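Summarising the annotation, TrEMBL assigns repeat 'TPR' to 95-128, 135-168, 175-208, 215-248, 255-288, 295-328, 397-430, 477-510, 557-590, 597-630, 637-670, 677-710 (among others). For 920-1205, the entry in TrEMBL reads domain 'CHAT'.
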Amino acid sequence: MDNFALIKFIRLIQHKKFILFVFALSFLFIAPANQLPAWGSSRILAQSSSNKNQADELFRQGKQQSRNGNLQAALISWERALQIYREIKNLGGVGKTLEAIGVTYTSLGDDEKAIEYHEQSLAIAKQLNYPKAIANTLGNLGLAYSNLGDYQKSVEFYEQSLAISKRLNNINNVGQTLGNLGVSYFYLKDYQKAIELQQESLAISKQLNNLAGVANALGNLGLAYDKLGEYKKAIDFHQQSLAIDKQIQDNLGVIKTLGNLGNAYRSLKEYQKAIEFYQQSLVTARQFNYRRGVGNALFNIGLTYKQLGDNKKAIDYYQKSLAIARGIQDKKLESLAYQSLVNAQASNSSNPQKSKADRLLNEGLQQAKTGQLKDSLVALAEALQIYRQIKNSAGEIVALIALGQSYYQLGDYQKAIGLFQQSHNIAKKTENTLAVANALRNLGVVYNSVGDYQKAIDYQQQSLKISQRIADTVGVSDSLGNLGIAYYELGDYKKAIDYQEQSLAIAKKIGNKTNESATLSNLGIIYSSLGDYKRAIDLNQQALKIAKSLKDKPTERRILNSLGLAFNKLGNPQKAVEFYQQSLMIAKQTGDKRGESIALNNLGNIYNSVKDYKKAIDFYQRSLNIAKQIGNRSSVGNTLANLGITYDSLGDYQKAIDFYQQSLTIAQEIGDISVESDVLGNLGNTYRILGEYKKAIDFYQKSLLIDQKSGNRTGEGISLNNLGLALFQSGNFPEAEKVLRQAISVLKSQRIRQKEDNYKIDIFEKQARTYRTLQQVLIAQNKSTAALEVAESGRARALVDLLAARFSVNDDINTAPNINQIKQIAKAQNSNLVQYSIIYNQFKIAGKKEWKESELYIWIIKPTGEVTFRKADLKPLWQKENTTLDELVTTSRNSIGARGAAFRGIDVSFNPEASKATNKLKRLHELLINPIADLLPKNPSARVTFIPQESLFLVPFPALQDKNGKYLIEKHTILTSPSIQVLELTREKRQQIGSLPIQGSNMLIVGNPTMPKIPPKIGETPQQLTPLPGAEKEAKTIAKLFKTQALIGNQATETRVTQRLPQARLIHLATHGLFDNVQGLNSGIALTPSSQNEGGDGLLTAGEILGLNLNAELVVLSACDTGRGRISGDGVIGLSRSLISAGVPSVLVSLWSVPDAPTAELMTEFYQNLQNNPDKATALRQATLKIMKQHPNPRDWAAFTLIGEAE
């Protein structure tokens, strides 16, 4: 059973690495400020004609001066015109002059002043209701904010302008604005969006034969593809743009495009070709006296020579560029030229320290990438020292980040934190905002790894805000993804998925395939933890495909590990081993020692899970040796803990303690509080098994304190559970009760956070132990009714939540019922409720402690309100009979010839042996019925409702025999339910839908559809399900009884059946029921596949039924295995549960495949009885008793079980 010993799987964590970019100057083509519109004359006041003429003349004069390049003179003319327009109250003149002045300030580089004038102009345009003027001014505001670097705001203004221009059908403005909007998205690093917008702008420019617009769009497309690394495509667009620039004699466009071609060839490392284009750009810029173009070309040539290693030439060009920048007061170019000059001079000095530091940095980064982490530390530390000596802060930041990441990979988290903190401080001091965000992001990743999740979230939130502010889209995506990982570790899967999906959306939007792959894999890990293995595998397969296309071997290796994890949880360890072996092979091929250690550790985990402890230890030892060799203390600590778990399983407790202590020491030294808490908990488990409760309690309390401080609610719940168990076993019942109730409160908060039903089921599965232990504690204190309340609160909670949300009018229904409410439910049902709880304890067997079935708790609640508690001893089953309760249920079914589905819908027959069958059914009666036989009603018509648990859901209660050979169905009218509270909810639903006579017009009868093909397992080839001719005959017989038509063969398509389900009052489905033991919501009803246009694969799954709103009083699933599914702490997760959730108060299912003849006879008899008596339980009992006479083998009549309401 579960003792909460957590094996550590290495998870893929994607975080942003700070990269020092070498900047080349690129030129985006922005459409010019919009042409001034005809604002018209004011319609508010008349004005003096002479003054108006004077103002108009000044305005025209300003336009001419602006065209001639005399911008300062133009401003003087326009300011004088503005003054006159204001005096004569000519709002149209005021508006157009304000706009002209704003456009001029943009040309002069004073965009803040431009915004002041544009905002005034916009207010007047709105007042005069001049839509064209409004659109133009909004566009000019967008341009100004774009120039200021506030690209998000520029997008807002451009989009408003675009909407108006489209409404006015101003195609020219639409084209220009689309192009400018594309430029803003380019700066926001959303290159895919930028490309889409430039393509739209290009199409319009071509339509209008606007060659200048065509050239601009082509050039901007080239820049976007350059950023995406598609340099050949970028060059193609630039060449097209250049041809048009030359054709229309756009000299400025020629200068810019030649520079951009140079940048593209420089990215391709074709440096000589790059210099040729830069030189052409330089010559053209000088020819037309475009000094900014001259300065930019000189800088880019210097940069290229620097990359060629010719520092002397680089210095010469940087100096010339710097002189131009200072002359024209271009602060951006001046800053770049000056910094590059200083770096080049340092590299060119007699002691070329900078060059050496750069070389060491690149060497260290490469070593880290290939897993040579210890070597990388040496190179990076030396690079850092040199950067500090020559006071190169940019290099220092990069070296600190790189060192921090190497220490992080080695598991030395405290050193990593120190280095990231230093990089953060320097980045903040030097106002390097991008580096500040990256340092915070890396700090968040480390704190997540050490289990301090709240601190991790805080750092990622800070990083996210900065990245959003500076429009670092990749950084935003990374921070969102890392937040998702932190919330995943905290057990908040809803938030984790939400953040990962936001990160994924951005990665897809900007075409960042690396992040897309990593995020898909992280989502896969989350869904795997939620038990949705199909989705987990699908997501990881998508991620793997991308990683392979990128030839990204490290990511491919990590994704293979994730796939191994998913397949292992799916119950396919062989497939998991294959993936881990592939991961191991890649690690060996790429020399990635850390990856090799992780893959070996994961292989050890697989063999541990299948109890091949010898192999597990071998893999762990190999993993440990490599981790020690490369100095990865985190991996050493994890593997030591896993060795401890393995020796614990072998019963070698002293060896387990030794390994745990070694692991604990490392976790404490490197500050990994997550592993520290896990190991403290495992030490507590071992000392509890040894009966040293004082030590165990001390370890559990230390583990609990860490979980509470770090906000790890899942860990807190586990620690409280373990502490409560130790207190119980030590005899301190009151304290144990208090602690276990705290545990349930914490675990309940985890379940409430999950919105989807299947995730709640999976979480509850992990929490069932706490409810059982608390029941034991309460029984030990003679609090049997309180124990019943706890037993009920631990039943079908996800189903109750679902039913309450859909159908209940009672606001308190989400709270489990108290003893008085339980009595009321028994009274309302007019039934004797029998609730079972299987209790486990640890027993020493062959020198080691194992969890075994210990007792069966049984409560019976009579309609009169009397509550009685009884127990049955389960220990003799495994102590003397070499079996278990689960095995007894299985063998009793097999022995009567019950046929189940070895694979979905493919029948497997068993050979019935009458004597064995009788013995098994009698033994089950002894355990389940004898302890309460004296309390059950003597009247056979009185109802008995069983509330089973685990394998008891598969017990054929009607066939249980007393010592005299009498079957239980002969003495009682039997029903079942997942929980007592579900009975109250189904009763509410039954009252809501009311009662109508059952007749053919409101029935849906399906028999033997044309069977679909279903894969036996995920990834396997689909196989045809066998036809059911007997089911067809059965359906036709029942349809004839009610004077209606059944849907048979090709008529019974999934689409047609699904459309009719919500209207039907009685539904009878005679077809294969397919069950999925791993993930019950994939169980389904076989129907005819629909046409391609309609959709529908022919399998109506339990998950799909869950989404329906049904109004049927009764659903009968008469074919094989419809009562089966994945048995969980929430009950049977399968078809019956989904039908109840969809609103059906009564469901009749089959626990195995019954032969055709008795099925048809029993169903016909059942419906005939039902026509005379609305009590379904009585109708079923009477039918069963009749069929028993003709078919005495329980195989032929005991499979049918009524779940829910009797009437």
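Keep in mind that glycine also has a Cβ here, set from the backbone N, Cα and C atoms.
TrEMBL annotations: computationally assigned, not manually curated.
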Problem - Among 135-168, 295-328, 557-590, 597-630, 677-710, stretch most in contact with the repeat 'TPR' (95-128) (C-beta, under 8 angstroms) - result: 135-168
Completion exercise
Same-chain residues at least 6 beyond the ends of the repeat 'TPR' (597-630) with CB under 8 Å of its CB atoms are 7-10, 371, 373-374, 410, 557, 561, 564-565, 568, 573, 576-577, 580-581, 583-584, 587, 636, 638-640, 642-643, 645-646, 649-650
Fill in the blank from the handout: For the repeat 'TPR' (397-430), the candidate among 135-168, 175-208, 477-510, 557-590, 637-670 having the most Cβ pairs under 8 Å is 637-670
Practice task
Mind checking which residues of the chain, 6+ beyond the ends of the repeat 'TPR' (135-168), have their Cβ under 8 Å from one of its Cβ atoms?
Solution key: 30, 33-37, 99, 102-103, 106, 109, 111-112, 114-115, 118-119, 121-122, 125, 174, 176-178, 180-181, 183-185, 187-188, 471
Fill in the blank from the handout: In the same chain, residues at least 6 away from the ends of the repeat 'TPR' (637-670) whose Cβ sits under 8 Å of its Cβ atoms read 5, 7-8, 10, 411-414, 450, 597, 601, 604-605, 608, 611, 613, 616-617, 620-621, 623-624, 627, 676, 678-680, 682-683, 685-687, 689-690, 846-849
